[in-house]
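Have a look at the structure below, then the notes.
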Amino acid sequence: MTRAKRKKEHIDHALSTGQKRQTGLDDITFVHVSLPETELSQVDTSTKIGELFLSSPIFINAMTGGGGKATFEINRALARAAAQTGIPVAVGSQMSALKDPDERPSYEIVRKENMKGLVFANLGSEATVEQAKRAVDMIEADMLQIHLNVIQEIVMPEGDRNFTGRLRRIEDICRSVSVPVAVKEVGFGMSRDTAARLFNVGVQAIDVGGFGGTNFSKIENLRRDKAVEFFDQWGISTAASLAEVSSISGDRPIIASGGIQDALDLAKSIALGASAAGMAGYFLKVLTASGEEALAAEIESLIEDFKRIMTVLGCRTIEQLKKAPLVIKGDTYHWLKARGVDPFVYSMR
């Protein structure tokens with residue numbers, strides 16, 4: 001099967017499998033503030049990922065590219081929506097364009113349609129330093145995402161089976177490229193142990209890519225003759241991943257992703273320690289169902305709803321929201337206790 005056809009299958013299956021509310025974010029409840037002393041018009045949603053300035057913490061996370069006309073049109077629409085709303089946009093893995101120059105336009109269109117905005121490049125952890133540099137140059141990227149997708153690869157019929165040397169390659173890339181490097185999971189979550197190893201080799205930001213959003217095990221199982229369904233429920237939830245990584249990150253930025261679908265999910269993610277949050281599957285559904293203008297309108301609505309939540313919590317800035325008290329219950333509470341992460345840090349601040 002060609003890489004382009006596989007990319008198209010991924011999009012189709014991502015839309016058909018849907019997202020389940022298994023992010024753990026439903027286990028999170030804010031402590032209500034009856035006297036917030038805030039005004040909606042004074043709320044500042046700006047944030048930073050390292051030295052990159054974002055007007056709001058929402059961005060369009062990596063989805064696709066390298067699948068011919070279909071992915072070209074999707075990326076063009078995503079880039080236009082990002083430009084219209086002033087949020088960053090990430091492209092999907094650029095390996096296909098590095099191997100086949102005919103696929104470059106489906107990625108280059110993102111920068112062409114979003115000349116002044118933040119654009120993130122994307123490659124897998126199998127990439128070399130030279131490939132990383134070419135991916136950044138291809139779209140004049142402001143940041144490089146390196147994705148970790150072991151479960152997807154092991155389930156994928158034609159996927160990788162050798163995962164040795166990945167950390168060393170990531171370290172080499174961090175030392176060599178001219179832009180910040182963020183490492184992201186793709187829906188299976190990240191432990192504090194993995195995050196610590198990545199920070200130690202120079203990774204500037206971690207995108208936890210938690211369980212509960214687009215499920216690449218289910219997607220790849222739809223492409224297999226014999227499914228390996230035990231991986232369909234494999235992973236660490238978005239909420240647990242954020243709390244784990246936040247416990248060791250210090251002042252290094254964390255990015256939330258994995259099933260984030262509304263402003264409340266976004267606010268909870270920030271309060272758990274994220275500086276920004278990427279949304280992919282939800283935005284793809286809005287785009288394919290209602291079009292580019294509807295997507296831009298939905299992004300604007302999300303930002304306004306997010307401001308409302310910050311207002312009632314008494315938070316004028318993202319840094320204040322990161323300190324908002326919340327209570328962790330249910331499976332997320334038990335996971336964190338078992339892992340030695342104190343959930344009461346959040347409720348008693």
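Using N, Cα and C of the backbone, Cβ positions are placed for all residues, glycine too.
As annotated by Swiss-Prot, substrate binding site applies to ARG6, LYS7, GLN152, with the evidence given as sequence analysis. Feature annotation from Swiss-Prot assigns FMN binding site to ALA62, MET63, THR64, SER93, ASN122, LYS184, THR214, GLY258, GLY259, ALA280, GLY281. Annotated Mg(2+) binding site per Swiss-Prot: GLU153, in sequence order, evidence recorded as sequence analysis.
Pairwise Cα distances among ALA62, MET63, THR64, SER93, ASN122, LYS184, THR214, GLY258, GLY259, ALA280, GLY281, the recorded FMN-binding residues, top out at 19 Å.
With a 10 A radius on its CB, THR64 (FMN binding site) counts 23 other CB atoms from all the protein chains. A separation of roughly 15 Å, to the nearest angstrom, links the Cα atoms of THR64 (FMN binding site) and GLN152 (substrate binding site).
The separation of the residue listed as 'Mg(2+) binding site' from ASN122 (FMN binding site), Cα to Cα, is 16 Å. In the structure shown, across all protein chains, GLY259 is the one of the binding-site residues GLY259, GLY281 with the greatest number of other Cβ atoms within 10 Å.
Using Cα positions, the member of the binding-site residues ALA62, THR214, GLY259, GLY281 nearest to GLU153 (Mg(2+) binding site) is identified as THR214. According to its DSSP assignment, GLN152 (substrate binding site) is helical. The binding-site residues examined here are ASN122, GLN152, THR214; by Cβ neighbour count within 10 Å, the least packed of them is GLN152.
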